[in-house]
Amino acid sequence: HSVSRASPNLTFVPACLPPDPVEVEELQRFVSNSKRLFVMTGAGISTESGIPDYRSEGVGLYARTDRRPVQHAEFVRSASARQRYWARNFVGWPQFSSHQPNKAHLVLRDWEKLGKLHWLVTQNVDALHTKAGSQRMTELHGCTHRVFCLACGDRILRSELQEHFEALNPSWKAEAFGVAPDGDVLLTDEQVHNFQVPACRKCGGILKPDVTFFGDTVSQKKVSFVHQRLAESDSMLVAGSSMQVYSGYRFALAAREKKLPIAVLNIGATRVDHFASLKLNSRCGELLPLIV
């Protein structure tokens with residue numbers, strides 16, 4: 001995979017001070033003392049690749065617009081909700097799928113190669129860790145680059161579905177009103193009205209991205225697997241996440257229960273700050289490359 005070597009895209013990154021040398025030293029000591037590091041990443045690690053997040057102050061989706069992500073129950077129940085979702089996703093996909101890993105993703109890949117990183121869990125659905133080459137990894141909330149049928153379970157690549165969309169909507173065009181975090185864009189109801197959505201090629205069922213939508217739950221099998229990886233670890237690093245979503249926060253609670261040291265690297269407050277051993281307010285792509 002090609003990796004962008006250009007300057008980071010800071011459009012969706014909250015303002016923060018440069019890394020403090022003392023903090024760099026503290027994180028260096030934390031990582032050096034770790035033999036089996038468990039890392040959890042969130043949307044804040046991908047903002048430097050040009051992907052907005054939901055909650056960042058001033059620049060996140062919630063700060064910029066009153067739009068909210070689709071709810072699982074609404075997507076399953078409502079054909080018009082699916083039409084709206086897929087129309088927005090269709091327009092946004094070419095740009096979203098072209099985003100490349102930044103320095104933070106590459107550092108975590110390198111730590112894995114060095115045997116320093118025991119397991120990586122990402123709450124992101126953007127495939128940037130996979131593009132960077134990480135392998136010891138769980139995508140907690142799935143990945144937008146895969147699509148499956150709710151009825152028969154048949155799976156296809158999202159890029160393949162894009163071709164089906166184009167064939168069904170040869171003359172349909174829409175101008176986007178801003179980018180959202182999960183690969184879609186903002187469109188009006190009028191714009192999506194005539195958009196055609198394909199059914200499953202095998203059974204005619206409903207196609208859904210292989211991601212955990214808001215209001216849905218992560219499978220118990222995946223949760224148990226991640227708990228096992230955490231049980232094998234000796235420390236935890238949270239990078240680019242406010243940990244507001246319980247599906248990720250539960251692992252920080254489990255780490256606290258096991259009395260593992262926890263370091264947090266995130267611009268702004270997190271749910272973990274009050275019991276973390278170390279809290280750093282810096283950009284992931286700026287601070288992590290300083291750790292050797």
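Along the chain as shown, residues are numbered 1 onward.
Including glycine, each Cβ sits where the backbone N, Cα and C put it.
TrEMBL annotations:
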| type | residues | note |
| --- | --- | --- |
| DOMAIN | 17-292 | domain 'Deacetylase sirtuin-type' |
| ACT_SITE | His141 | active site, proton acceptor |
| BINDING | Cys149, Cys152, Cys200, Cys203 | Zn(2+) binding site |
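Looking at Cys200 (Zn(2+) binding site) and His141 (active site, proton acceptor), their Cα atoms lie 22 Å from each other. Counted within 10 Å of its Cβ, the other Cβ atoms near His141 (active site, proton acceptor) come to 23, all protein chains included.
Cys149 (Zn(2+) binding site) and His141 (active site, proton acceptor) have their C-alpha atoms 17 Å apart, to the nearest angstrom. Calculated from their C-alpha atoms, the gap between Cys203 (Zn(2+) binding site) and the residue listed as 'active site, proton acceptor' amounts to 25 Å. Less than 8 angstroms from the CB of Cys152 (Zn(2+) binding site) sit Cys200, Lys202, Cys203, Gly205, each of them six or more residues away in the same chain. Residue density at Cys203 (Zn(2+) binding site): 13 other Cβ atoms are found within 10 A of its Cβ, drawing on all protein chains shown.
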